[in-house]
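The block underneath contains the structure these notes are about, expressed in structure tokens.
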Amino acid sequence: MSHHFAGAGDVAGLPLKSTVGVGIPVSAEDIILQTFDNDDRKLPVCGSMRPIITELDNNKKGSIRTDVADLVLVKYKCSSNGVPVTQTNGSTLPLVPSTSKDAELGGYDPFDHRVVQHPTTDMETFIHLLKGSLGSGILAMPLAFMNAGLIFGLVATAIIGFVCTYCVHILVRSSHKLCRRMQVPALGFADVAEVAFLAGPPAFQKFSGLFRGLVNTFLTIDLLGCCCVYIVFVSQNLKQVVDSYFEAEMNIRWYMLILMPFIIAMNLIRNLKYLAPFSMIANFLVGICMSITFWYMFQDMPSTKTVDYIADWHKWPLFFGTAIFALEGIGVVMPLENNMKTPQHFIGCPSVLNFGMAIVVVLYSTVGLFGYLKYGKETKGSITLNLPTDELLAQSVKVMIAVAIFFTYSLQFYVPFEIIWKGTKHRFTSHPDFFEYLLRVILVVCTVGIAIAVPELGPVISLVGALCLSFLGLILPSCIDLVTTWEEPGLGKGYWRLWKNMIIIAFGILGLVTGVYSSMIDIFELFKH
């Protein structure tokens, strides 16, 4: 038998930077059968220790948690032969002897064992990749270029796009290696992090639970941060339209409070199926808005002498945070690859990923370059805010994009809610439905509260990008690649694999620290005023 295995918050096919895996639930009986198949009980003892991954439910003595969030990830056709099962520090995942590299390379092909109900073609995956990467961040790219300069922004966007794409490559490649070693068809994002450390050198195994938790934590912060950005975005666009018709201007925070009951109502919908029509409407509206925005942007383009070619270096961290927020679609990678009919085509050269990310980088660079060139020092957090306030066509763009982002909030909210709810629902067994709705309301109120506290797009976007996506998109994939290849095939001649990953990790840490620092400085300045 074969199964899909997934991490917390699994949602198939979301056009967002928001998911971590796709899965099919299994039973405890399946877990046992997959662990020790009757036909394979007499396999020889293997030389190294590898994990059989099962998360125990502490609230049910002797039971195994079989939620989508906490599935058994690993099947090993290997007899224990009297070797005691041990547990690593910081994880509830027991260990058994594993197969050698020969078994990884020879025998098991995870792609042959994947059971996907509706597999996607290369073209469908390419379209989903574009939808997942081309989010609201593209509207903030002119602001990113303002913080970098015309020439430096163009070069730096290409470099960041290349590094992000490469990190996706090594993440997916590591996932494939781990699937072969563990003999499972697929792994989600959080699963890859946990399995990589459990299956890595003994010194790293104790960090497996920590890294799984970090993935889910940063995903939650990232996506809830995006929800805060959406609230500010919708409120600012609506405020511009309303202010053009009324002399008395209302503070933007009142718009957020007015929106809150409508956002709460939308997020009481628990089934993604009922949110799908809203997603389709949002995609349609975004397409119209971007077309009209481009028309405005390319009219009466000023000379390049009106803008900075290279901005003051103090602003570069803000550029980094905004650019990586816009470009980094790490959350959609694993579910897209796991759902492909031919997953071998996702990475490599040429590949779906390379082609898709090349188009994304070109589009983002184009919007950033010409948006900054058009509006210069007046560039705002979203390019739609630079459109004329007194023209009906421009006003329609602001209303449509506000509606589209409002509908997108619910899809963005779904994954962090699922991660939090799956970790807390065992505490509310008496009235689970009531507490689920209550948690939804509390989380929405929290995102609105944060948006009210910091009602500016630029610093919030940069903070979320620098804090969460530097870790998820740059630091973590490099760490996973290191521990996955540490023993087999090794660090390479002159330890080139170690140096390569350490450079990317250092780049990610530098971007994280400087981006967070610069964003917080801007946020504190807002509080002063």
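FYI, residue positions are counted from 1 along the chain as it appears here.
Positions of Cβ are set from backbone N, Cα and C atoms, glycine also.
Note that TrEMBL annotation is computational and uncurated.
Annotated domain 'Amino acid transporter transmembrane' per TrEMBL: 120-520, in sequence order.
The transmembrane segment feature in TrEMBL is assigned to 151-172 (among others).
For 214-232 (among others), the entry in TrEMBL reads transmembrane segment. Same-chain residues lying 6+ beyond the ends of the transmembrane segment (214-232) with a Cβ under 8 Å from its Cβ atoms: 7-9, 17-18, 20, 136, 189-190, 193, 252, 256, 259, 263, 331, 381, 405-406, 408-409, 412-413, 415-416, 419-420, 423, 443, 446-448, 450-451, 454-457, 460-461, 463-464, 467-469, 471-472, 476.
The transmembrane segment annotation in TrEMBL covers 252-269 (among others).
Annotation source TrEMBL lists transmembrane segment at 281-298 (among others). Using a Cβ-Cβ cut-off under 8 Å and counting only residues 6 or more beyond its ends in the same chain, the transmembrane segment (281-298) has close neighbours at 15, 131, 138-139, 367, 370-371, 374, 383-384, 387-388, 393-394, 396-397, 400-401, 403-405, 407-408.
Taken from TrEMBL, the feature transmembrane segment applies to 318-336 (among others).
Taken from TrEMBL, the feature transmembrane segment covers 348-373 (among others).
What TrEMBL lists as transmembrane segment is 393-417 (among others).
According to TrEMBL, the feature transmembrane segment maps to 437-454 (among others).
Summarising the annotation, TrEMBL assigns transmembrane segment to 460-483 (among others).
Under the heading transmembrane segment, TrEMBL lists 503-524 (among others). Residues 163, 166-167, 314-318, 320-321, 324, 454, 456, 458-460, 462-463, 465-467, 470-471, 473-475, 477-479 of the same chain sit 6 or more residues outside the transmembrane segment (503-524) yet have a Cβ under 8 Å from a Cβ within it.
Counting Cβ pairs under 8 Å that are 6 or more residues apart, the transmembrane segment (348-373) and the transmembrane segment (460-483) reach fewer than 3 and are not in contact.
Proximity of the transmembrane segment (393-417) to the transmembrane segment (252-269) is established through 3 or more Cβ-Cβ distances under 8 Å for residue pairs spaced 6 or more apart. Among 252-269, 318-336, 437-454, 460-483, 318-336 has the largest number of CB pairs under 8 A with the transmembrane segment (151-172). Same-chain neighbours of the transmembrane segment (318-336): 10-22, 120, 125, 128-129, 132-133, 135, 137-138, 140-141, 143-145, 147-148, 153, 156-157, 160-161, 164, 167-168, 171-172, 175, 187-189, 192, 219, 222-223, 311, 346, 353, 360-361, 364, 415, 458-459, 461-466, 469-470, 472-474, 477, 511, 514-516, 518-519, 522, counting only residues six or more beyond its ends whose CB sits under 8 Å from a CB of the stretch.
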